[in-house]
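Data first, discussion second: the structure below is written as structure tokens.
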């Protein structure tokens with residue numbers, strides 16, 4: 001098994017300054033920096049990382065892994081298995097717990113016994129939460145953004161429709177499509193999945209304000225052309241198809257569907273009661289995929305969380321990625337607390 005990761009800053013001699021940042025469904029380890037070889041897109045939280053920024057690399061050692069099951073360097077469905085063939089459709093089903101187990105191996109390899117801060121939003125928030133519940137003494141501070149304690153029926157339904165779009169693509173071939181040659185993978189299905197997902201990622205009012213009922217420039221919907229919002233979704237689909245593997249999308253979407261922090265732990269409240277980290281839970285006021293009520297449940301159950309913080313944004317679920325100023329303030333608050341007190345004792 002391989003886990004790709006990137007780092008910024010320098011690990012202190014006592015290893016007390018490490019921050020773990022966990023990406024969402026189609027993210028990767030490239031938290032900051034320009035696009036380039038091995039990095040098809042610029043850093044997805046670039047504004048937060050660097051000297052003098054919230055994740056100040058003159059002070060903090062920032063670690064961002066690509067999730068197990070992903071397609072940007074970590075072992076996933078497109079990776080070779082021991083016999084040399086690709087995992088493809090035989091890739092094991094994963095849970096957030098499996099992914100955190102892999103990330104624990106990374107922490108051990110780096111010699112990090114306790115993270116000063118673990119940050120994650122959406123799927124990354126699920127893993128951040130799992131870190132704090134299953135390994136409470138290894139997390140000094142926790143920032144959970146726009147995620148639930150367990151996937152709801154509606155969230156499972158949205159994700160299942162996306163998975164179905166991929167699996168019903170004739171080029172899916174039960175997941176064994178990687179050797180089929182250029183253009184012969186389930187790209188159409190992945191594009192449909194992205195269109196479905198992106199609708200849930202953005203805010204209702206934002207879509208109406210940006211696109212309304214307007215046709216795309218130079219096109220007439222009544223004569224086979226597209227509406228402006230359709231063109232936008234086509235663009236988002238094409239971007240993802242160029243950089244992401246359909247098999248990884250299925251594996252990670254199913255892991256998100258399986259997310260339930262209380263499973264085999266006595267339920268949600270008992271599980272959240274295990275958290276020892278100084279915790280901030282935040283949600284986006286226009287998020288219709290993971291609505292604020294789910295973050296309120298987390299904040300109510302985590303000792304000392306002191307209510308949910310609201311990120312004001314018209315951008316829906318994606319607000320946690322876009323509203324970097326508001327997120328930066330939460331990061332600075334937590335890291336300030338870490339600096340002001342000794343880390344939790346290890347046990």
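Note: Cβ is positioned from N, Cα and C throughout, glycine not excepted.
Predicted automatically and left uncurated, TrEMBL annotations should be read as such.
As annotated by TrEMBL, active site, nucleophile applies to 122. According to TrEMBL, the active site annotation covers 287, 317. The substrate binding site feature in TrEMBL is assigned to 194, 318. If you look up TrEMBL, you'll see 17-321 marked as domain 'AB hydrolase-1'.
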Based on Cα distances to residue 287 (active site), point out the closest of the recorded positions 122, 194, 317, 318. 317
Spatial neighbours of the residue listed as 'active site, nucleophile' among the recorded positions 194, 317, 318 [C-alpha, 10 Å]: 317, 318
Other CB atoms, at most 10 A from the CB of residue 194 (substrate binding site): 25
May I ask which residues of the same chain, at least 6 positions away in sequence, place their Cβ under 8 angstroms from the Cβ of residue 317 (active site)? 122, 146, 200, 201, 202, 284, 287, 288, 289, 290
Pick the one among the recorded positions 287, 318 whose Cβ has the fewest other Cβ atoms within 10 Å in this structure. 318
